Amino acid sequence: MSLLCVRVKRAKFQGSPDKFNTYVTLKVQNVKSTTVAVRGDQPSWEQDFMFEISRLDLGLSVEVWNKGLIWDTMVGTVWIALKTIRQSDEEGPGEWSTLEAETLMKNDEICGTKNPTPHKILLGTRFELPFDIPEEEARYWTYKLEQINALADDNEYSSQEESQRKLLPTAAAQCRHWTYLGWGEHQTFEDPDSAVDDRDSDYRSETSNSAPPPYHTTTQPNASAHQFPMPVPLPQQLFLQGSSRDSCNDSMQSYDLDYPERRALSPTSSSRYGSSCNVSRGSSLLSELDQYHEQDDDGRERDSIHSSHSYGSLSRDGQAGLGEQEKALEVACESQKEKTGESKERDDATVCPPSDLMLHKDLTLGPQESFPEEKASSPFTQARAHWFRAVTKVRLQLQEISDDGDPSLPQWLPEGPAGGLYGIDSMPDLRRKKPLPLVSDLAMSLVQSRKAGITSAMATRTSLKDEDLKSHVYKKTLQALIYPISCTTPHNFEVWSATTPTYCYECEGLLWGLARQGMRCSECGVKCHEKCQDLLNADCLQRAAEKSSKHGAEDRTQNIIMAMKDRMKIRERNKPEIFEVIRDVFTVSKVAHVQQMKTVKQSVLDGTSKWSAKITITVVCAQGLQAKDKTGSSDPYVTVQVGKTKKRTKTIFGNLNPVWEEKFHFECHNSSDRIKVRVWDEDDDIKSRVKQRLKRESDDFLGQTIIEVRTLSGEMDVWYNLEKRTDKSAVSGAIRLQINVEIKGEEKVAPYHVQYTCLHENLFHYLTDIQGSGGVWIPDARGDDAWKVYFDETAQEIVDEFAMRYGIESIYQAMTHFACLSSKYMCPGVPAVMSTLLANINAYYAHTTASTNVSASDRFAASNFGKERFVKLLDQLHNSLRIDLSTYRNNFPAGSPERLQDLKSTVDLLTSITFFRMKVQELQSPPRASQVVKDCVKACLNSTYEYIFNNCHDLYSHQYQLQEQPLEEPGPSIRNLDFWPKLITLIVSIIEEDKNSYTPVLNQFPQELNVGKVSAEVMWHLFAQDMKYALEEHEKDRLCKSADYMNLHFKVKWLHNEYVRELPALQGQVPEYPAWFEQFVLQWLDENEDVSLEFLRGGLERDKRDGFQQTSEHALFSCSVVDVFTQLNQSFEIIRKLECPDPSILAHYMRRFAKTIGKVLIQYADILSKNFPAYCTKERLPCILMNNMQQLRVQLEKMFEAMGGKELDSEAADSLKELQVKLNTVLDELSMVFGNSFQVRIDECVRQMADILGQVRGTGNASPNARASVAQDADSVLRPLMDFLDGNLTLFATVCEKTVLKRVLKELWRVVMNTMERVIVLPPLIDQTGTQLILTAAKELSQLSKLKDHMVREETRNLTPKQCAVLDLALDTVKQYFHAGGNGLKKTFLEKSPDLQSLRYALSLYTQTTDTLIKTFVRSQTAQVHDGKGIRFTANEDIRPEKGAGVDDPVGEVSIQVDLFTHPGTGEHKVTVKVVAANDLKWQTAGMFRPFVEVTMVGPHQSDKKRKFTTKSKSNSWTPKYNETFHFLLGNEEGPEAYELQICVKDYCFAREDRVIGLAVMPLRDVAAKGSCACWCPLGRKIHMDETGMTILRILSQRSNDEVAREFVKLKSESRSIEEGS
């Protein structure tokens, strides 16, 4: 067998880091192990695995897998031949291997790989060397194995030996095989990691990702799904027949608290082969066997036994050698039994290892096992039969020994499932249905570990098995209890006067005074100071007997002895239960017990008369002494006095922590004597010399300790606290003494502290495991010393009397009981007792007094219990507590108040351990108890979550479903979402349990730990990871309905809001869960949009069938509006109830929903707009439809406010605002269509008004009669219009909503005003011919003549002043009518209405002269050509400017020089215009092109002046030069700003009208400031004007008799003619 160590380090993958979540599987020899899964393209595992290899011709297969939601995919594989792996005891840097895609197979076994991939993995592989084997021993075994291999020349086994050499490459490896196969179980006692440490490594790997210690087997927590056991092959089972994994090691598995290097078997190393086995122990035992045989003269026998140590190799002489071998085995077993000196009754199992070794040798490397190619031959050759016979013989011997011994020892059991061999890192396949109830299986392995860990410390403790020690302690206990110190006769002190100088027996001070100096016992005669009488505790009777015996007073002695006898008889009669308990505890037969009682009584009666001892005292050192010198130091020395013999050490100068290391020998013949050890400060000054003359003690006293000789036994290394002699003493510190006592008859016994430990442990074992069936008795004591009560009254008296008799400190008792309880710390009530015990132990060491300056750490180091021993015990306990707290839900069920109380006490105990480490051990920063508990709680929650995740369906159906449900997939699925609501339900039950049951219990750290909140935080964190990953997978396929995702979203939201939102750790953070569902919510919104549109169409269809009926008597709109917004509101309510806490995601939802609203309402509006004209002929229906549109706007505003109003996302808000504007526009358009539908009837009414108005005659004077006449005429004129309006507006006021009514009134007002302007004020425009001619500006020149003819034919229809006054009054009446006393349109709107303004302006223009109108036109029309842009000015005509800006498509350009001169006297203006040239004329013509320029002055007061000049024409020139000058004279009535020059370029045509090429207008106001300038005017196609200009043009067009007016209209109506080629 070889041990293969593999470390999976890290890997490098090609690709996106997001797509990798990988783990590694290792396969070798049918054993498979798996790492944890790690995300990223450069994962780091750093996990160790160990395998036992029996065939080096195989290989290690390494596969890298990528985790998926449903199935995993392989990234690549590597195959490593085992023969190529190096041997080393140190881990190397590892080697990079390229992953390949396929494996090569040969004979159904992998033999290589092919098809490299771009991925790589770093692996460290090696074969382990024997652990910690000394070099000398390695050389010895190398030599031995070479000898054995040299003997293997037998022909029968030559081929097998050759193969064996291949399998055992080095001697070191062979030695390693011996270690693992022969002594694997026993070596675990020297394992560098204890059982609890082993389990803690598991715990660490789960919680802190720390790597397990080297040479250690740790179960991979995440590998269970890929691991499986391999059964033992049949031939191996044959040789395992009758064997057991636990055989032959019960007595070896001892755990003595005095020897902490011994450890119990590691519980996690459940494999037969422990992980950190030390070879040297097994090797030394083998060496002893060799030494035994080397003393034998027979060389063949020695060779034979050496051969038996090999792996199945035989001696040269075949059968004879085999017989020698059998004999050697028997001799070896006998010699081993003799060496240990144990009787057959004790049945020490150390006889077993050699036979066990033989079994395993044959099992592992027998010929049939190691060489499969030999299997074709007979399985039982002659040599193999000899082997089998030898093994069977040894097994039968062991069977007999076992039958004669303790029946509790395990027998050789037949093989079964437990007999299989497992890989070190393998585990059973756990992919099965977990049992119920909740989390019951979660930490079962850890529970078993605990039972096998610290608990085994009690079950296999040395004191329970060491019969010699138990026998001695049994006697000593009887001795202490038959005549206990607590029941001894007290001294009978009387005041006594000394006649000679007498010294106190206690303090050895002089009894000062003339009389009545002290006290004297009348019985035993001891004398002392009055203050010292309480310090004497020796039994007066016994002391008197001893004294009488020494002085020969036989009669008195006999009386005292009889008194003591009587007392012991009374004691035995009154307290028989005490001695019965002692007998039961030590399992002594009644006969032996009676005999032993007699012996003990006699030893008490003998007292010290027959007692003697040799005492060796080594004064080692002291710590923390008082400083007595002025220098702040002392010069200490020690005096030791036994009886009357006194000795002293040398002086150590200037040291408060002196080291003496001086040894003194004493003989003592009185067991009641005391050893007085006193520490002094040596003074050598004058004062001390004077004191030396006067006093016995001239030096300063530093402290003392008084030791009862009867409390000593064996070898002791003890720290004693220095104590005061009087109240005035200033004492501190402790002294270390090594005391060796050889009591006559008890030369080889353990110290009393060890004996007390034996008594306490055996008593605890008896009361707990035997009498209490595993339960621990909890004392019900009260008071300050209640913590010192460990057992019931009888057992407590036993330990107290023993401690009192033999000087066992109470703190040692407490620590011993604490150690015992640590093996039962999970029993009900025990944690509370342990917590109290440890708190008092802490108080003892940590709470220093004013009289001592020794630190707590030093005081603890001086503990007789052993510092390392107690610290190791606490470390083990601390680890076990962490593991149990990491499964608190299983170990401390919420339904058990008693266990919850134990949980609280367990945390208190953990806190006490932390206090101990901080205050007693004085560690700098021990782990805080609160943090440890918090980590444990998190670890438990992690495990709990994993459990409920893996068993979700089973747990849910068990707890929440009464009826049987069909089988479902065990985990999450992409086909449905059923798994997640169930998981949420289970998570809530866990959090509620933690909040309600565990939080009130684990309340020791209110500021740092709240279990309910931690539970919610951990559960949410783990749930969030899985939920996010699952939804990412769902997003790819989306196999579920969007409604299902929305329902799950609501459940997740509820979970977060209910339990997570208020957690301190998550305060101020935006939750992540809305992001997981964002795409699904948007999908739902997309689908919801289609649903809303369907609702819209359906609602409109129903509305249409019903004739758009009002929804109610008071509602003015129809049902379709209600239908549309019912659906939209329901949809928004769902979005609102999501309560999305992420503003950005909520903004996405709002934007998307705003689009839905917009799409639905716009489609509604489009449908109404499309069908609206068809309904305008009906009276009420158009009003209801407009009401519907208005109601859409009202509901949209409400929805806008519901969606957040001003707080709404800006993009969504802008979208809704834009929608509101669109709806408003639609309503305006509907109102306009509705208003225009009345155009024909209003035209008819207005024509009737015009006819009536045309009949009005008279002047417009201001007399009262005239005013009355005007009012009467106005009423007559309005009557046709008012009759029409009365009927309709009354209906509108009833049917329309107020907003709609105002819009309808506005449209009617517009139509009435425009019609009155068009029909009455500007009647020629009614003629479409005239209108067309004016508006199109006579595109053809021929049409100009038609316009003239038309204007001539049209009769003049100028309104008279009276008619204007009537019409103006009629307008006021109409205005009042539309205002309707405040119920209609506002007066402000009516007054500022552009339609009324236009009408009134037209009326006002009617009364103005032609000059005034022309002046108004020039001043108001500033953008007639090219929007008034493009004219450039230069200083003179020779400087041509850049092209004008803002001019699109000019048809040419004219250059003119303008000079403006104003006469200083008359104020008249003279304008000189020089037409320089025309440039870039754009004109196409087939014939002659003769352009010329026409310049016209436009303005008032020009009727008597020349207004127009024309240049000569230039033939066929598109850039003609003219250089012609013209002069215009202007009056002084107006300034230059009332005039403008209009330049028109025309093509001269003979016999027909000239054609216009382009026009330009230059206002003189631009020249006025300059006076003189060169102008460059771009030519436009026609004159543009606004409404004012058009109105003036219309009015002037009616003045056909006014030449200036006609010329002006013609001038402004001209436009570019159609080109011949276009």
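Numbering starts at 1 and runs along the chain as it is shown here.
Note that Cβ sites are derived from N, Cα and C of the backbone, with glycine treated the same way.
Now, the feature entries from Swiss-Prot:
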BINDING   Asp629, Asp635, Asp681, Asp683  Ca(2+) 1 binding site
COMPBIAS  206-225  compositional bias 'Polar residues'
COMPBIAS  238-254  compositional bias 'Polar residues'
COMPBIAS  266-280  compositional bias 'Polar residues'
COMPBIAS  307-318  compositional bias 'Low complexity'
DOMAIN    1450-1577  domain 'C2 3'
MOD_RES   Ser16  phosphoserine
MOD_RES   Ser307  phosphoserine
MOD_RES   Ser378  phosphoserine
ZN_FING   490-540  zinc finger
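Annotated features taken from Swiss-Prot, shown on the structure.
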residue : record                : CB count, 10 Å
Ser16   : phosphoserine         : 8
Asp629  : Ca(2+) 1 binding site : 14
Asp635  : Ca(2+) 1 binding site : 20
Asp681  : Ca(2+) 1 binding site : 20
Asp683  : Ca(2+) 1 binding site : 18
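Separating the Cα atoms of Asp635 (Ca(2+) 1 binding site) and Ser16 (phosphoserine) is a whole-number distance of 76 Å. Within 8 Å of the centroid defined by the CB atoms of Asp629, Asp635, Asp681, Asp683, the record's Ca(2+) 1 site, lie the Cβ atoms of Lys628, Ser633, Ser634, Pro636, Glu682, Asp699, Asp700, excluding the listed residues themselves. As a summary of secondary structure, the domain 'C2 3' (1450-1577) carries 7 helix, 65 strand, 56 coil according to DSSP. In this structure, the C-alpha atom of Asp681 (Ca(2+) 1 binding site) lies 79 angstrom from that of Ser16 (phosphoserine). DSSP assigns Asp629 (Ca(2+) 1 binding site) to coil in the three-state reduction, placing it in neither a helix nor a strand.
Comparing Asp683 (Ca(2+) 1 binding site) with Ser16 (phosphoserine), their Cα atoms are 84 Å apart once rounded.
The two recorded residues Ser16 (phosphoserine) and Asp629 (Ca(2+) 1 binding site) have their Cα atoms spaced 77 Å from each other. According to DSSP, Asp635 (Ca(2+) 1 binding site) sits in a coil region rather than a helix or strand. Secondary structure counts, DSSP: the zinc finger (490-540) has 7 helix, 12 strand, 32 coil. In the three-state DSSP scheme, Asp681 (Ca(2+) 1 binding site) is classed as strand.
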